[in-house]
Every structure is written in C-alpha cells, then in structure tokens.
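Colleague: Dumping what TrEMBL says about this protein:
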BINDING   N106, H111, E116  oxalate binding site
BINDING   H109, H111, E116, H157  Mn(2+) binding site
DISULFID  C32-C47  disulfide bond
DOMAIN    61-211  domain 'Cupin type-1'
SIGNAL    1-22  signal peptide
Amino acid sequence: MANHNILLLCLLAFSGCYLALAFEPSPLQDFCVADKSSSALVNGMVCKDPKLAQADDFFFAGLHVPGNTSNNQGSKVTLVNVAQIPGLNTLGISMARVDYAPWGINPPHTHPRATEILTVLEGTLLVGFVTSNPDNHHITKVLQKGDVFVFPVGLVHYQRNIGYGNAVAIAALSSQNPGVITIANAVFGSNPTIGAEVLTKAFQVDKNTVDHIQAQF
C-alpha cells in the first residue's frame with residue numbers, strides 16, 4: 001500500500017509539472033517587447049533583448065485624432081495593439097478608438113481572442129451581441145455618454161450610431177492581438193470565394209442575390 005501511495009504521489013507531481021509546463025498564464029518576466037525584425041514563427045511575437053527596451057516601445061500618440069468615417073460603413077476603428085505598441089506583447093491587453101458618423105455602424109464582427117469592454121465618450125450608440133447556437137439570443141442596449149458595455153469573447157457583436165451627431169467610443173480588449181472577423185467580409189468577400197451553392201443554401205437566397213452581394217466586396 002505504501003508503494004502504491006508513493007507511486008500515486010509521483011504521478012500527481014508529474015502531472016502537475018506537465019500542466020505547468022503546458023500552460024503558464026502569468027508573464028515570466030517584466031515585459032517582452034516584440035521584436036518586429038525577427039522572422040521566427042512563434043505563438044505571438046519574439047521578445048527583443050530587454051536591455052534594448054526604450055520608452056517608445058510602450059508609447060502611442062494620436063488617439064485624440066478623429067478617424068475618417070467617410071466610407072460605406074460610416075465608421076473608423078483606430079487600433080492600439082501590439083502592432084502599434086511592441087511593449088504590449090504577452091501582456092494580454094489592447095485598445096481601440098471607434099469613430100462613428102451619424103447613423104454609421106461598426107458592422108457585425110467577432111474578436112476570436114478577446115473580450116471587449118466599450119465605453120461611450122460622445123453620442124448615442126445602439127449596441128448588441130448574439131449568443132452561440134442554438135439559442136442565437138440577441139442582447140441589445142442603447143448606450144449614452146459614459147455608459148459601458150461588454151462583448152464576450154468570440155461572440156458576434158456590432159454598434160450603430162443612432163444620433164444626429166458624431167459618436168466616439170473607446171474599447172479595451174483582453175488580448176494584445178485580439179483579431180477581428182467582419183462577418184460580411186469573411187462570408188462574401190473571402191479569397192477564393194465561398195461557392196454560391198453553399199451560400200444560397202446557407203442564406204436561403206438565389207444565386208443572383210449571392211453574386212450581387214459578393215460583387216460589393
């Protein structure tokens with residue numbers, strides 16, 4: 001029995017070590033400034049020598065500048081992630097400014113690697129997200145200046161400016177590289193295109209409708 005207990009303890013200890021090696025949620029150093037010159041392929045970005053870190057690695061200027069909303073969507077997202085601030089690498093956080101023209105939208109999209117928390121700085125936004133299958137429950141709310149709303153990771157969500165003036169929001173995201181998949185672009189603007197025989201059945205429309213929508217992308 002004693003031998004069995006010792007064996008069990010060894011197995012538990014080994015399993016604990018294996019799990020610790022397989023996933024470590026906390027940073028193991030003060031920071032890991034992204035080395036954009038490296039061609040190494042890793043899950044994230046390679047760290048540069050911390051002795052070479054400087055203030056500009058942790059800095060971004062210009063978030064006070066309104067984005068150009070003169071486009072079909074009437075919105076502009078200004079990203080501040082690891083591509084703009086190398087010092088965000090491995091820290092699990094980023095942000096964005098979103099500008100909306102009157103009645104402009106940030107179209108339905110997902111962030112595959114991040115939860116988003118949105119704060120309205122100016123204007124009135126109609127926001128919402130849809131839960132996963134099979135419920136596909138649409139949760140929506142009108143936000144005023146100072147209001148905050150959360151979009152859970154991976155769920156389709158959107159915003160629409162329902163005021164007569166411009167609107168501005170700041171979003172914080174729980175990844176240094178949250179990613180974005182805009183639903184319409186992904187489905188109708190993929191390269192190469194998704195076959196019409198798939199999209200006609202998926203959306204229950206005819207081929208001419210699919211062709212027309214794909215032509216917009």
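Using the three backbone atoms N, Cα and C, a Cβ is placed for every residue, glycine included.
Given the structure is predicted, the values throughout are model-derived calculations rather than measurements.
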Colleague: Do you know offhand how many angstrom separate H109 (Mn(2+) binding site) and C47 (disulfide bond) by C-alpha?
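Modeller: Spelling it out, the Cα of H109 (Mn(2+) binding site) and the Cα of C47 (disulfide bond) are 30 Å apart.
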Colleague: Determine the Cβ neighbour count for H111 (oxalate binding site): the number of other Cβ atoms within 10 Å of its Cβ.
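Modeller: There are 23 such Cβ atoms around H111 (oxalate binding site).
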Colleague: Around C47 (disulfide bond), how many other C-beta atoms are within 10 angstroms of its C-beta?
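Modeller: So the number of other Cβ atoms within 10 Å of C47 (disulfide bond) is 18.
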Colleague: C-alpha of C47 (disulfide bond) to C-alpha of H111 (oxalate binding site): distance in Å?
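Modeller: Cα-Cα, rounded: 24 Å.
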Colleague: Would you pick out, from the binding-site residues H109, H157, the residue whose Cβ has the largest number of other Cβ atoms within 10 Å?
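Modeller: Checking each of H109, H157, the winner is H157.
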Colleague: Please give me the CB contact count at 10 A for C32 (disulfide bond), counting all chains in the structure.
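Modeller: C32 (disulfide bond) is surrounded by 22 other Cβ atoms within 10 Å.
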Colleague: For the Mn(2+) site (H109, H111, E116, H157), what does the 8 A shell look like? I mean other same-chain residues with CB within 8 A of the CB centroid.
Modeller: T110, A114, F129, F151, L155, V156, P178, V180
Colleague: Have a look around E116 (oxalate binding site) and count the other CB atoms within 10 A of its CB, chains all included.
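Modeller: E116 (oxalate binding site): 23 neighbouring Cβ atoms within 10 Å.
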Colleague: Between H111 (oxalate binding site) and C32 (disulfide bond), what is the CA-CA distance rounded to a whole number of Å?
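Modeller: So the Cα of C32 (disulfide bond) lies 23 Å away from that of H111 (oxalate binding site).
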Colleague: Taking the Cβ of N106 (oxalate binding site) as the reference point, list residues of the same chain whose Cβ is under 8 angstroms away and which are at least six residues distant in sequence.
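Modeller: Q73, S75, V77, V98, Y100, Y158, Q159, R160 - these are the non-local Cβ neighbours of N106 (oxalate binding site), listed in sequence order.
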Colleague: Neighbours of the oxalate site N106, H111, E116: Cβ within 8 Å of the Cβ centroid, same chain, sequence order.
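Modeller: Other same-chain residues with Cβ inside the cutoff are A96, H109, T110, A114, L118, F151, H157, A171, L173, P178, V180.
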